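Database features (Swiss-Prot):
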type    : residues                       : note
BINDING : Arg23, Glu82, Lys121, Lys443   : (6S)-5-formyl-5,6,7,8-tetrahydrofolate binding site
DOMAIN  : 215-364                        : domain 'TrmE-type G'
BINDING : Asn225, Thr244, Ile246, Thr249 : K(+) binding site
BINDING : 225-230, 244-250, 269-272      : GTP binding site
BINDING : Ser229, Thr250                 : Mg(2+) binding site
Amino acid sequence: MIKNDTIAAIATPPGEGSIAIVRISGPEAIQITDKIFSGSVPSFSSHTAHLGTVSYNGQQIDQTLLLIMRAPRSFTGEDVVELQCHGGYFSCSQILAALIAEGARPALPGEFSQRAFLNGKIDLIQAEAIQNIIAADNLDAFHIAQNHFQGHFSKKVQQISSLIIESLAFIEVLADFPEEEQPDMQEPMNRLHEAILIIDDLIASFDQGQRLAQGTSIVLAGHPNAGKSSLLNALTNKNRAIVTDIPGTTRDILEENWMLQGKRIRLIDSAGQRETHNPIEQEGIERAIAAMEASEAILWVMDASQPPPPLPEILMRKPSLLLWNKSDLATPPHLETTLPQLAVSAKTGAGMIELKQFIQQWMQKQQLGKNGKVFLISSRHHTILQHMRTYLLSAQEGLQSQSPPEFIALELRQALQTTGNLSGSEINETILGEIFSRFCIGK
């Protein structure tokens, strides 16, 4: 990548909209923009806005609002100019073409963020968080990405790095002065133990972070013809599942994404639980059981007009709600259990507001104590931390067995390098290019 030229790109999504933004960054950003803008751009103070027109070859393209951010007080750390024009395809495209004709280069995907990283404005963790913020399709994913972008994950990595450096300095003194009396090894042991605890906490957050980012899984389960598929359709406002009076219609797992107050829920319809000699239906029942085991919560659906069937043991092990569906046909019977119960009707909508409120309250309880916590969602981060942990455990064992300090120092240096792989201070350009190539153009 050429790092000293000036790049330009449209920073807003294509299509109709009230405004579009063209972004320019680099050493010639101000001079190039001055060639097409009606005002004297070099005279503008940093972080000011100016209304004017953009023209090229004697023809006015559009009225624009120009924002100028001089280096180093900009996102990229370079001189940056943004031109806000009317939305749509033609205005921003012609402005971009004029900038390129005057000497700017079309930006590569993620190149603005890559320049911000290379100029020390953000680290690699924060750069990756930008992409995750853009891609977030629910509030949990958005909050996790924002947490990373605000530097909370980076602070954890810096803390680990400091503990490793302190331990390494201690060990290197031993290697340099072997004739001296062996000092107490408890100090580096304590530092390594603290670093490993931080790493373990981060690694342990990965599964939960993935679940939060991908959505909470809730299974609709119960006996045949209780109305599970009807409830799926009613909750999602879609005719997603086939609904008939024939028992055993649902034979496979059916998953639908459902947004509730910004939270993503993976709502799963499953085959009715009963004894059957049909091998296809039996396969569906086994898949339903597996889905319940893998889920985070179960909505156990029962027919209010029928005698209550026995409850499966799994309902006592998982967060579960008993739903008496078809409450428009009959008053639900009394069931002696500690599990919460709710009468609903997928047909009339009765109880559906209460059901949504129950799910929302349950999800809020799951979030208690998680605000501000760092969650991993990247497999890259998870893998690097596992390698880091291996190196530190090896160094810790070396200290305990009084291995040669050179061996321990080698393990610590490798662990330190992995912290650089996370932050980007120790990573090759090929991997960097691969990471930033996933970004959109203009970011």
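Using N, Cα and C of the backbone, Cβ positions are placed for all residues, glycine too.
Neighbour counts of Cβ atoms within 10 Å were compared for the binding-site residues Arg23, Lys121, Lys228, Lys443, and the top value is held by Lys228. Our reading of the (6S)-5-formyl-5,6,7,8-tetrahydrofolate binding annotation (Arg23, Glu82, Lys121, Lys443) yields a largest Cα to Cα distance of 18 angstrom. Other C-beta atoms found within 10 angstroms of the C-beta of Asn225 (K(+) binding site) number 21, with every protein chain shown included. Note on the domain 'TrmE-type G' (215-364): DSSP counts are 42 helix, 37 strand, 71 coil. Using a 10 Å Cβ-Cβ cutoff, Glu82 ((6S)-5-formyl-5,6,7,8-tetrahydrofolate binding site) registers 21 neighbours. Within 10 Å of the C-beta of Ser229 (Mg(2+) binding site) there are 24 other C-beta atoms, taking all protein chains into account. Counting every protein chain shown, 27 other Cβ atoms lie within 10 Å of the Cβ of Ala271 (GTP binding site). Straight-line distance linking the Cα atoms of Ala271 (GTP binding site) and Lys443 ((6S)-5-formyl-5,6,7,8-tetrahydrofolate binding site), rounded to a whole number, equals 45 Å.
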